[in-house]
Amino acid sequence: MSTTRTPKVSERVAPKPADPQPAKKKRGEDDDGPDFRTLLHAWLESHRASMADSLRRLGKQPIGSFFTCLVMAVALSMPMGLSLLLKNIEQLGGSWQRAAQISLFLKLDAGSRDGEALRDEIKGMPGVADAQYVSREQALEEFQQQSGLGEALRELPDNPLPGVVVVTPTEVDKPALEALRQRLSELPRVEVAQLDLVWVERLAAILKLGDRFVFGLAVMLISALLLVIGNTIRLHIENRRIEIEVIKLVGGTDAYVRRPFLYMGALYGLGAGLLAWGILAFGLNWLNEAVVGLSGLYGSDFALGGVPASDGLSLLIGAVLLGYIGAWIAVARHLNELAPR
């Protein structure tokens, strides 16, 4: 009699395990790699580390770093200081504008009312800062005092001097003054419109010479500044040559190698800009004491202005950019030499 064999428990077929469910992806991730936030965090962390490393290396050589910034600051402050002095000269009590006055000699039959009405009309014209009327009587009195011919002039039967309207223009360049003089000469009651261009031309020549001198000096000193920062960064590159070669050997990119040196150049520029701002503020304040004393002897209250905040910020931004550009040029020049041997 045959019997049916019952399988043992160990021989029973175990059920197939269920297929593992794929892990849920975090929001924002895809199959191609990390999300944008992760990449941004890594990028920012890399820049933070590069800046911290640059600060640490500059802090290890405080004296050398300070003198490098000081040399750059002197190069920055010289053209900026001359430019500020030119601006102060242009504002010297308005004397430049007074030197460019236009004198309108009226006809002899023009009375005081005609002259005052003409003065009021001219004040409302574009390009005119101010207008003053000098009557015939006032003109004769001033001429008597200045010429010393008072007794002789009193013997004249009639006053030979006309009334004058003295016009102060807003612009001091020659073409604008000529155009204004031509318009004023066409007004009624005006006999002659006289413009003394000698002082205007002298002013234009002085300011033009000063501007060109400042521009040329700025170009030369900026070139020297780029050489200074470039040579400084080159020395830092040479000191880290082995480290850089190892980084490139393990796959470090040129951007990764370049980054700390760019931050170092920008930090040099920032320090130089702050020092230059301080040098300018101290220098102008030091000169101002002598200028105030000199102007007081001439009955003027002229004083040198300080460094405007806008100019100071422009100086800082320009210094940082120059340091960055100088470092970029130095690294780009030596980057090909840093390939692993």
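The first residue you see is number 1, and the count goes up from there.
Cβ atoms are placed via backbone N, Cα and C, with glycine included.
Listed in Swiss-Prot for this protein:
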- 1-65: topological domain 'Cytoplasmic' (TOPO_DOM)
- 1-34: region 'Disordered' (REGION)
- 66-86: transmembrane segment (TRANSMEM)
- 87-212: topological domain 'Periplasmic' (TOPO_DOM)
- 213-233: transmembrane segment (TRANSMEM)
- 234-263: topological domain 'Cytoplasmic' (TOPO_DOM)
- 264-284: transmembrane segment (TRANSMEM)
- 285-311: topological domain 'Periplasmic' (TOPO_DOM)
- 312-332: transmembrane segment (TRANSMEM)
- 333-341: topological domain 'Cytoplasmic' (TOPO_DOM)
- Task: Residue list, the transmembrane segment (213-233) vs rest of chain: Cβ under 8 Å, 6 or more residues beyond ends.
- Result: 68, 71-72, 75-76, 78-79, 82-83, 86, 261, 264-265, 268-269, 272, 322-323, 325-327, 329-331, 333
- Would you list the DSSP helix, strand and coil counts for the residues of the topological domain 'Periplasmic' (87-212)? 65 helix, 24 strand, 37 coil
